[in-house]
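Database features, via TrEMBL:
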type	residues	note
DOMAIN	C:25-466	domain 'Amidase'
ACT_SITE	C:LYS80	active site, charge relay system
ACT_SITE	C:SER155	active site, charge relay system
ACT_SITE	C:SER179	active site, acyl-ester intermediate
Amino acid sequence: MSTHKITDEVIDYVGILAKLELNEKQREKAKHDMEEMLEYVDKLNELDTENIEPMTHIFPIENVFREDVVTCGDGKEATLSNAPEKKDDGFKVPKTIEG
Amino acid sequence: MSREYETVIGLEVHVELATKTKIFCGCKTDFGGAPNTHTCPICTGMPGALPILNKKVVEYAMAVGLATNCKITKHSKFDRKNYFYPDNPQNYQISQLYLPICRDGKVEIEVNGTKKSIGIHEIHMEEDAGKLVHDDWEDVSIVDYNRSGVPLIEIVSEPDMRSSDEVIAYLEKLRQTIQYLGASDCKLNEGSMRADVNISVRKVGQKNFGTRTEMKNLNSFKAISHAIEGETKRQIEIIEANKEVVQETRRWDDNKESSKSMRSKEDAKDYRYFPDPDLPPIYISDEWIEKVRKSQPELREEKLERYKKEFDISEYDATLITESKHLADLFEQTSDICKKPKKVANFILGELLRLLKEKEMDDSEIDFSVEHFAKLIELFDSGVINSTVSKQVFGEIFLNDVDPEKYIKEKNLMVVDDNGTLERIIDEVLEANPKSVADYKEGKKKAIGFLVGQTMKAMSGKAEPSKVNQILTKKLQ
Amino acid sequence: MISIEKMTAIEISKNIKNKKISTVEVLDETIKQIKEKDEKIKGFITVAEEEARKQASLIQDKIEKGELLGPLAGVPIAIKDNIDTKNIKTTCASKILYNFVPTFDATVVKNLKDAGAIIIGKTNMDEFAMGSTSETSAFEVTKNPWDLTKVPGGSSGGTCAVVASGQVSCGLGSDTGGSIRQPSSYCGVTGIKPTYGTVSRFGLIAYGSSLDQIGPVAKNVEDCATILETISSYDRFDSTSMRRDKYNFISALKQDVKGMKIGIPKEYLEKGIDDEVKEAVLKAAQIMKEKGAIVEEFSLDLVDYAIPAYYIIACAEASSNLARFDGVKYGYRTKEYEGLHEMYKKSRSEGFGDEVKRRIMLGSFVLSSGYYDAYYLKALKVKRLIKQAYDEAFEKYDLILGPVAPTTAPKIGESLKDPLKMYLSDIYTISVNLAGLPAISLPCALDKNKMPIGVQFIANCFEENKMIAAGHALEKELSENFVPNFSLV
């Protein structure tokens, strides 16, 4: 018995966050896989990390900037060149607000 | 509103910064432009593209922080805010959650003579989203990424405001400060300044805050006031009915003067923030802070002092003009050309403010050339046109930026200077209005007003009314 | 005409320079090789013949004019399909990008083109580089040239297989947790994972941004060093790019290994490792000793914690990096949908394969409200501990020697049954990415089934030259011929 019970609600919630839809079979598999992974990664709790600073970047570099200078021209054609659906020089999507 | 309750208001103000390029790429930030022209792989989330931070964004954010008495965070970094929406090409927004660039500031506001300090919780940098145009014909939305990646700062206030008057005063103060810094033009109508309002109500004297809601889609000061009133009323009704206010985001519809919950079962407000691995942290040294502080432009208080010394205008006028950076710039530039600050001030505080109000425009939208304005002042000052005509011409400059000299010539609006014509017209007016002449001679001195009016009308306004009065008086003796 | 099938990149360019063969002939021969062999191997997703032909004649011109003198001038190169190539389809081996054509070149591709290399095609991989076998590709299963019933490894399995089978002399892969080194080991070729920040990530379609690095795959250490020198650069388009003093990796080939201190983590040889793989590592150690290096075993802490930390960090970053694939701007959009959210969900659910979805789900979960500290932050702290453990090790040693994978290549279809077991096979490679270190994998022995076994040298950050020198020294002493015999398979 896993210590990390992944319920249908959790899988549904993660599905909403990740915009993924699972059928019944996939959902059962996802629950099992996630329980197994979470149980496995619990191994990290064996380590005392109380006073350890989290490490986001490997190297202590900072202040990587660009100057405020225009370097791009008209990008319309390139931007739209892979669009699955377009209209009026824009990307066409299902309506985002109700009438 | 019931006296038993008070409204507690905090603001999240988004300001688009006046950089030439976007926050993470070299695309232009110009407003308008054909859809998707100001785009590149970076600001459209193309696979493989990476962000590079615009240094000017950091400096503008620091400048606003310093001007609002914030502490500058020495080690700051960017985080990703994850949510799906088509105006957000990566489906995450690069923002700052854990270490925002500025914290713990405050600004002073004044409402009806009472001063109050409004706390600023934090200011953080982030990228703007693209624009969605809704196509009703086909029932689709069209995405334009021209605004995607335009730099924003979000100024988060403490819940220190208690009325819409205080909210407006706070916003005006922020706008004034930021415009003076040159960090943004703060145009509400173009969306370069936007406010989301957090509102809760509680019984007067109650210590704890009530449950708050966040109101979005507020595009004008008027909408903000309406929304605060409307939401206060709605929340009080809920509480009075012994129900609970739900913490949620609501969308204000200013036409309907009501709001609607934006909650949907397809969205969870769980942004899964984490440090952006593509952007190294920012370190701000004391030297850098000093450099930004020193390069700050003249702010309002200094400008006011200078105006009092430099220009021959009243303190009252100087105060009014310096309230807006746009008006102050207009005043100074025009006065520099025509050297008549008093007349310039009169026009700005008279006709200009009247027209702005009439057209429901913001002074940031003023869009005529100072040369035309200065020329008008000169034409008026030298008596080429009279006061009535000057107002008419100013209106034309305001709306269409006409060249006053050409316009006056075309419309033939110069004051008629030769006495022959004027006297001939006056004679005709006297002949056509025997009753008024008789009235005057019987001692009804007011009748002269009518005769002046008739003469001005016959002259199509191109006479100096005082001169008309003078000649009439002489002829009627 | 001379045959280029067995040549290295450097040999090809020398022969072009000496007018023994032209760039166009090299290309013809390469395309012939691909047509003959890739039918079986399935290493390429796209062969960019037309683009390559355009390039070839231009480059031949420049070579003749003496404008292109470098060691890659005229050399066809294969590029992993998660690296942007302008006008050449780039799919990440995913249905969700099945038709995506980038409008710009990745910085590495630009660097290669500037050096006169010819992009010949895009290679198969695990979908979005998530996997260890190249089987999670949405399009095809690449075969190991040494045994067509076995996997080439992953995720850069396509690149390694086309190099190993002699279709091209070299290629690029990407390495997030071992994705260059492990398939190099399985296919008997050489691959380098550079120090984080050495090769620009601009144009690499991100999996785990803080771990990803592009690197070379070739037939020997010299070619790898040469390609690495060409693709490395400080790049202002990648904010995590490191400005290094020198990018002179070729010079390392002349370095002596005498006196070099090499440590072998004893944990690597203790459990779960195949005997023959262990023998190969010990053989490499023996050779290095004979060359004058000092080799000893030591204890590398925290080995067991690298994999869980890696999967939390990589999956969290991936869940965000892969959010952009939504059917709006490029790639696959589902055919029928009602409303925005259904469009998103169906496009992504149909467009991504199981392994990718599994990692996105895990990544979304560990970042979600209430779990961030317990998982993500914890993993970042462990990452620091692992980095510190390596820092300590490199105070004592110039290099770390170890196996690349616990076994040789498994059979096709075996690994995907148990994802966790597949993850565990990355035990020797993953911690290198967490600590940002460079490592080289090169073939060292053949097992009883005549399958290649690789070993890796791990160096401290920015010390690629030490591992290149060591790899070069080792490879010269090996008597095996690491070329699969095609007529036998």
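Quick reminder: no glycine exception, Cβ is built from N, Cα and C everywhere.
Proximity of C:SER155 (active site, charge relay system) to non-local residues of its own chain (separation of 6 or more, Cβ distance below 8 Å) is seen for C:MET125, C:ASP126, C:ALA129, C:MET130, C:GLY131, C:SER132, C:SER134, C:GLY173, C:SER174, C:THR176, C:SER179, C:PRO183, given in sequence order. When each of the active-site residues C:LYS80, C:SER179 is scored by how many other Cβ atoms sit within 10 Å of its Cβ, C:LYS80 comes out lowest.
Look at C:SER155 (active site, charge relay system): DSSP puts it in coil. DSSP assigns the residue listed as 'active site, acyl-ester intermediate' to coil in the three-state reduction, placing it in neither a helix nor a strand.
The secondary structure of C:LYS80 (active site, charge relay system), as reduced to three states from DSSP, is extended strand.
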